[in-house]
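Right, one structure below, let's go through it.
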Amino acid sequence: MLCEQKYGALLNNLSSPEAVEAELRAQGCVDFVGCSAPVPEGAGGAPEQDRLPEVTGTSSQDGETEREIGSRAAGEVAATPRLSPNIRCLVYPKGDISRFKPARPRAYGLLGYYLLDAASVLPALVLDVQEGHSVLDLCAAPGGKALALLQTGLLRFLCVNDVSSSRTARLRAVLRSFVHKELLTDDRVRITSFDGRKWEEFERNFFDRVLVDVPCTTDRHSLIEEENNIFKRARTKERQRLPQVQLELLLSGIQAARPGGEVVYSTCSLSQLQNQYVVEQALQQAREEHGVALEVVDLRPLTHLFRDTFHFAPDTHLGELVLPHLSANFGPIYLCKLRRLN
Ligand code: SAM
């Protein structure tokens, strides 16, 4: 983690995506999503027009996506997980530590890509957003994962929330730099600044998908950044409270999801206390205190699919963990997916 972090360029489907992708490919970048799960010819590519793009992996009669079928045909893994479509993230190949240039305005004055740790795209990908979904991003600022979710072009409604008003302002600015303002109307994208732990007090059993990307010890950042470091003595109590805050946020997100809905919990920490332990506690409390049964969705096929891009921890018993590695210095990102059974 002390070596330079690798980034990914999340392509903005609303601003010259083909031209931007061609430029990045000419520099040696590859779309780690598309190259791991190839989309059949003619099915991909977001049209550059005044709306969010169509589904890349179209549905077959039994609801299976072409992306799933494609990877089965390749004989990879029988149970390839369903991924949110249309998300493209370009990275320099393994071992290549070139840096991306800052994004510049393209069509409609919108930025061509958003730079982020490429592993941060995984929670949005595994959320499996489908046509007409209502999605809640409970801790959304500065907005990388919300932007990834918007790239699907499938959402009926996206609610992006962050307790911090200054970070919510940044989130709003990010969205405005990447999305046409006509698409940012309150009935399509709601931006709020509530304490996510209290969400269940006013909205329950509603969202098809919920992303709970919690505040954590941000391990990589904490190693290299002195300012406002969460490991400083003055922040000891706050740090010790983190697992409890994370648990309350996850429980709140679970209750905001509809029965049958899915929730992805993620952190950028290596700490089991903030990862598996929080999920275990949430499963137990959801069942015992709220009567909500959940199943844990197996994400091992995902690690297989993206094994050429990320280095996954070999033996997490609950969820998956992208470990920083010298040849693939992304992460850490922990993610666990839960499905509400009732
Ligand atoms: N999902 C974001 C992205 O992809 O850009 C990153 C989220 S960051 C890891 C965690 C966020 O949680 C911070 O912006 C923080 O302000 C917010 N947060 C902390 N406590 C919260 C709470 N109780 N309710 C809602 N948001 C909270």
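From the backbone N, Cα and C atoms, a Cβ is placed for every residue, glycine too.
Every protein chain shown contributes to the tally, and the Cβ of Cys268 (active site, nucleophile) ends up with 23 other Cβ atoms within 10 Å. Residues or ranges marked as active site, nucleophile in TrEMBL: Cys268.
If you look up TrEMBL, you'll see Cys139, Ala140, Ala141, Pro142, Gly143, Gly144, Lys145, Asp162, Asp195, Asp213 marked as S-adenosyl-L-methionine binding site. The 10 Å shell around the Cβ of Asp195 (S-adenosyl-L-methionine binding site) contains 13 further Cβ atoms across the protein chains shown.
Residues or ranges marked as domain 'SAM-dependent MTase RsmB/NOP-type' in TrEMBL: 31-341.
Residues or ranges marked as region 'Disordered' in TrEMBL: 40-75.
Of all Cβ atoms in the protein chains displayed, 24 besides its own lie within 10 Å of the Cβ of Ala141 (S-adenosyl-L-methionine binding site). Annotated pair Cys139 (S-adenosyl-L-methionine binding site) and Cys268 (active site, nucleophile), C-alpha to C-alpha distance, rounded: 13 Å.
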